Amino acid sequence: MLRLLLALNLFPSIQVTGNKILVKQSPMLVAYDNAVNLSCKYSYNLFSREFRASLHKGLDSAVEVCVVYGNYSQQLQVYSKTGFNCDGKLGNESVTFYLQNLYVNQTDIYFCKIEVMYPPPYLDNEKSNGTIIHVKGKHLCPSPLFPGPSKPFWVLVVVGGVLACYSLLVTVAFIIFWVRSKRSRLLHSDYMNMTPRRPGPTRKHYQPYAPPRDFAAYRS
């Protein structure tokens, strides 16, 4: 932007000298909503003459933005060979260029050029002072009642949902493992705490009682 401001001092308005046309422009314009109107005022009578008015972009005027060609008695031809959306209108000692759909990176200095094509002699203007067109970005304010969620918000929602599902699966798996482990410990504990049982009383087999014999009595 500083370079463009310095350019205004490098290209002062040129006064009419013999076969030159004086062209004046506004020093600076701001393009709101990506559109701007630039008027090129000249001090030359173009009535009944065929002329060509063009708008150029850059300090070296390398880009021809828009062209208005014709005369007062015929319909003007307006065109752009560089992709700009432009229109033109011929007024009283002025040509107005209407530029639309401008981009922020098209902020630059623009120069008007007026040429008398017919009848001879050919006339044009010295380089004018130029106009800096500052294209401001279009900011859309969200509705306060129904604000539209931004893309990062949905990304966070999706990531949060995935993490929640993962946490739920891990929790369920842990609970299942814990229940099974607890059941296994209980079964093992019951087995270890079982007291050994003594075998039941066995039935004793008694010999039938027989009184002892006194063999001495038999001897006597």
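Using N, Cα and C of the backbone, Cβ positions are placed for all residues, glycine too.
Annotated disulfide bond per Swiss-Prot: C40-C112 (among others), in sequence order, evidence recorded as experimental evidence. The local packing around C40 (disulfide bond), expressed as other Cβ atoms within 10 Å of its Cβ over all shown chains, amounts to 27.
Here Swiss-Prot flags C66-C86 (among others) as disulfide bond, drawing on experimental evidence. Around C66 (disulfide bond), taking its Cβ as the centre, 25 other Cβ atoms fall within 10 Å, counting all chains. In the three-state DSSP reading, C66 (disulfide bond) counts as strand.
Marked as N-linked glycosylation site by Swiss-Prot: N37 (among others). The number of other CB atoms found within 10 A of the CB of N37 (N-linked glycosylation site), across every protein chain shown, is 14.
The C-beta environment of N71 (N-linked glycosylation site), restricted to residues of the same chain at least 6 apart in sequence and closer than 8 Å, consists of L46, S48, R49, E50, F51. In the three-state DSSP classification, N71 (N-linked glycosylation site) falls within coil. Swiss-Prot lists N71 (among others) with the feature N-linked glycosylation site, giving experimental evidence as the kind of evidence.
What Swiss-Prot records for N92 (among others) is N-linked glycosylation site, and it gives sequence analysis as the kind of evidence. The Cβ of N92 (N-linked glycosylation site) lies under 8 Å from the Cβ of no residue that is in the same chain and 6 or more residues away along the sequence.
The N-linked glycosylation site annotation in Swiss-Prot covers N105 (among others) and rests on experimental evidence. A C-beta separation below 8 Å, combined with a sequence spacing of at least six in one chain, links N105 (N-linked glycosylation site) to V135.
According to DSSP, N129 (N-linked glycosylation site) is assigned to coil rather than to any helix or strand. Using a 10 Å Cβ-Cβ cutoff, N129 (N-linked glycosylation site) registers 20 neighbours. Feature annotation from Swiss-Prot assigns N-linked glycosylation site to N129 (among others); the stated evidence is experimental evidence.
Under the heading phosphoserine, Swiss-Prot lists S189.
For Y191 (among others), the entry in Swiss-Prot reads phosphotyrosine.
The annotation phosphotyrosine is assigned in Swiss-Prot to Y209 (among others).
The region 'Disordered' annotation in Swiss-Prot covers 198-220.
Taken from Swiss-Prot, the feature signal peptide applies to 1-18.
For 19-152, the entry in Swiss-Prot reads topological domain 'Extracellular', with the evidence type sequence analysis.
Annotated transmembrane segment per Swiss-Prot: 153-179, in sequence order, evidence recorded as sequence analysis.
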(request) Determine, using Cα-Cα distances only, which of these recorded positions is closest to C66 (disulfide bond): N37, C40, C112, N129. (result) C112
(message) I'm checking region-level scores; what's the whole-number mean pLDDT for the topological domain 'Extracellular' (19-152)?
(response) 89
(request) Drop a 10 Å sphere on every Cβ of the disulfide-bonded residues C86, C112 and tell me which sphere holds the fewest other Cβ atoms. (result) C86
